[in-house]
Structures are given as C-alpha cells and as structure tokens.
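In TrEMBL this protein carries:
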| type | residues | note |
| --- | --- | --- |
| TRANSMEM | 38-63 | transmembrane segment |
| DOMAIN | 52-316 | domain 'G-protein coupled receptors family 1 profile' |
| TRANSMEM | 75-100 | transmembrane segment |
| TRANSMEM | 120-141 | transmembrane segment |
| TRANSMEM | 162-182 | transmembrane segment |
| TRANSMEM | 220-238 | transmembrane segment |
| TRANSMEM | 265-289 | transmembrane segment |
| TRANSMEM | 295-316 | transmembrane segment |
Amino acid sequence: MDSFRIENGDCVSTFTLPCRILSLRTRTDSMEASELSIGMIFISLTITGILGNLTLLYHYIYFYLTRYRLRSTDWILIHLIVANILTVLCKGVPQTISLFGFTDFLNDIGCKLVCSLRRVGRGAGIGSTSFLSVFQAIIISPRNSRNSELKVRTHKCICCSVYLNWVIYLLISSVNLVHMRARYGNESTTNLKSFIYCYSVRHDPTSDILYATLLSGPEVLLLGLMLWASGSMVLTLYRHKQMMQYMSRTSLSSRSAPESRATKTILLLVCTFVSFYTISSVCQSFGALLYNPSWFLVNMTAMSSLLFPTVCPFLLMSQDSRISS
C-alpha cells in the first residue's frame, strides 16, 4: 500500500501518483474559488452598471417627455448612456455566464454580434465623452473668441458628430464579423485565440498590427481631442476665477455658475474616463500581443472595460441637481 502525508504544506509519498492527485485537487479547488470570486465581481459590476445607466436614461427620457428643456450636452450624455448599456450587456453578461462554467454557449452568429456590438459600444463611449468635452469647451469659451460663430451651430454639430461616430465604429467593428467565431464540439483551439466564450482566428504579426492600428487610430484621435478640450476648459475656468476676484457685481457670477458647475462635472467625467481607459488599454495591449493570453489577463481586461460604464451614471447623477432633486 502506498502511504502519503503532508509535511510543512508539502505532500510526501513513497510514490508520486497520490501526491500528484492531491496537488491537482488543490489547484482545481483554488481555481474554482477564484472563478467564483471573479464571477461575483462581474455580477456586481454588470447589475450595478445596467441599473445605474437605465435609471439615468429614464430620468432624461422623463425630462424630455415632460417638456423639460434638455441642454445640448444632455443629448450627448444620452448617447453615452446607450453606449454604456451596450458595453455592459455585451461584455459583462457573457463574461459572467462563462465564469460559471458555460463557456461555449454562443454560436458563430452570437459571437460575431456580441463582439461587434461591444466594440461599437466602446467606440461610442469614447466618442461621446470626447465630443462632450469639446462642445462644453466651445460653450464656455469667451464671447469674443473665434469660436463664437461655432456656438450658434453647436447643437447641429453635436448631432452630426455623435451620429457619425456611431457609423464609423459600426464600420470598424465589422472586422469582428470575419475574425470572431465559436468553437464547435471538441474542435482543436491550436489556431484560435481564446476569449473564454468566443475565439479569434490567429493571423500573422503584420495582420495583427494592422488590425490594432485600425482600432486604436480613431481612439487616439478622440482621446487627443478630449485632452485638448479639457485643457482649454481648465484654462477658461482659471481665467474666469481670476476675473471674478476683481469684480464686485455678482450678476455675472450667478449667470456663469451653472456653466461653471457643468464644466467641472465634465472635467471630472473626463478624468475618470481617462484613468479607466488607460487601465483597459494596457490590459488589451497585453492581450493582443500575447500569443495565448492567460485566463487571469482575459478576465482583468474584461473587468477593466466595465469600470467606466458602471461608475459613469452614478457620477453624473451625483452632480446633476435636476436628478438629485
């Protein structure tokens, strides 16, 4: 009979088979515990994100139906909320289901649609946040600046830019309709890159670089616009604060207070977005460069992409006096 015992946390046996079985059981139990804990995190992020965004969307629809005058920036925020809902549904829900053991629950069409809509939601979120900061910078710019003519056409520019952004990312995400697919039965995944519930066909490094450039190009442009607009808003607020120190009348201050408060809210939103976007981009870059990304990296990438859509509605509701009242 073979005997084995545990000494100082290590298995000691006259034969190696019992120790290997015990070690495998330990690793399996540890993996199940980590999957359960990460699954609970995904459930929390998904439910919180969906409820928060739906609540905020309900408030804006209620304002519109009751003929409450919506600001131009409110229309961009509605697009941002829809993009957040799309991201949470297409990323959080499938990831949560897969963590509880249902890894191959999507067919080819499901994989292509989920991955494409997730990409559209991410792009629309970046575009909406960028245009929100740009147009707020235009709104608060001095009256005698060269942006004065553009202020009159702000609402039209908002509509055109936001809808064009949706169209551009719909076209870009169509690449996923070709590359993403499901796994059939016991099919080998040697030539497939696993994303837990879907798979991507492997390509040569040149094709991967071109694909990454196609995806990151518009995002870098929108991020640049966002940072430029944020810097412009900070400079405008600083000049406004200096001007207020030398004015004794309060009429201008009271008139500028709502715009100043809205600008600070958008700056807070942009800072939050850039922080979470940086984390998500770093994780996605590692996932794209690695030939076979680990289970932990895939889940961390998915989790980082849910942070902003989950936090965003609560940040906006806490800063909007119309909603809090």
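These residue numbers are counts, starting from 1, taken along the chain as shown.
Note: Cβ is positioned from N, Cα and C throughout, glycine not excepted.
Contact between the transmembrane segment (265-289) and the transmembrane segment (120-141) is supported by 3 or more Cβ pairs under 8 Å, counting only residues 6 or more apart in sequence. Ranked by the number of CB pairs under 8 Å to the transmembrane segment (220-238), the listed stretches 38-63, 75-100, 120-141, 295-316 are led by 120-141. Counting Cβ pairs under 8 Å to the transmembrane segment (120-141), the stretch among 38-63, 75-100, 295-316 with the most such contacts is 75-100.
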